[in-house]
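Accompanying notes for the structure given below.
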Amino acid sequence: MGKRATTSVRREELNRGAWTDHEDKILRDYITTHGEGKWSTLPNQAGLKRCGKSCRLRWKNYLRPGIKRGNISSDEEELIIRLHNLLGNRWSLIAGRLPGRTDNEIKNHWNSNLRKRLPKTQTKQPKRIKHSTNNENNVCVIRTKAIRCSKTLLFSDLSLQKKSSTSPLPLKEQEMDQGGSSLMGDLEFDFDRIHSEFHFPDLMDFDGLDCGNVTSLVSSNEILGELVPAQGNLDLNRPFTSCHHRGDDEDWLRDFTC
């Protein structure tokens, strides 16, 4: 179960260890005639008592045409050192920059010869550079967490007190800026008593006007301007004396006619 029908050589019967010249000739002749093909079936078709992985490595690293074996020059060694500082232990990439050299041969030459010549600090340089780049990346990805405000405090009373305490204007000018409402806002009038003691028909007759609501056009300060003294104190026991004449009232009412 699980074994291929075309496999005629058992695992116990496979040859292990070094390749002989006869095995090299069989493998070279078969691949030259039929091509590489599928490495798992190639040993049985070529008549070799080897596994597919062993045949592949023997061909790629030793028997393939154009391969250089041994005698690595000083220029190649210098190039291997520079590429190793840049790429690290990526032997297949380093072998691609050296025509005719295999990754297995370059790795063996590095571990057996070049690594012992170089100081330890230079051989560990790629790891240190990689560690520093990781630290820089860790610093870049740090982000601040936004804080969400759920409550808002209003200090309107405190701001008004501070504004009034730090305002350079005098008290009278501040009251004038507020529209003069503070001068009349503190006074309380008994209009029923004023109407009973003073005769407003002597001043003007609002019933005879056809212009609508005239009182909406005239403020209380204008109507009672002559009744209230400048100090804001009203003496209700003082008899009323009219300052207007009949002719002045007619001229004044004529201005409000529609």
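Cβ from N, Cα, C; glycine included.
If you check Swiss-Prot, you get these features:
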type	residues	note
DNA_BIND	39-63	DNA-binding region
DNA_BIND	91-114	DNA-binding region
BINDING	Gly47, Leu48, Lys49, Arg50, Cys51, Gly52, Lys53, Ser54	ATP binding site
DOMAIN	11-63	domain 'HTH myb-type 1'
DOMAIN	64-118	domain 'HTH myb-type 2'
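Distribution of Swiss-Prot features across the structure.
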residue	record	Cβ contacts under 8 Å, 6 or more apart
Gly47	ATP binding site	Ile26
Leu48	ATP binding site	Glu23, Ile26, Leu27, Leu42, Cys55
Arg50	ATP binding site	Leu14, Asn15, Trp19, Glu23, Pro43, Arg58
Cys51	ATP binding site	Leu14, Pro43
Gly52	ATP binding site	Lys38, Trp39, Ser40, Thr41, Leu42, Pro43
Lys53	ATP binding site	Trp39
Ser54	ATP binding site	none
- Give the residue counts of the domain 'HTH myb-type 2' (64-118) per reduced DSSP state, in the order helix, strand, coil. 35 helix, 0 strand, 20 coil
- Query: Counting by DSSP, what is the helix, strand and coil composition of the domain 'HTH myb-type 1' (11-63)?
  - Reply: 34 helix, 0 strand, 19 coil
- Query: What is the total of other Cβ atoms whose distance to the Cβ of Lys49 (ATP binding site) is within 10 Å?
  - Reply: 14
- Query: Across the DNA-binding region (91-114), what does the pLDDT come to on average, as a whole number?
  - Reply: 90
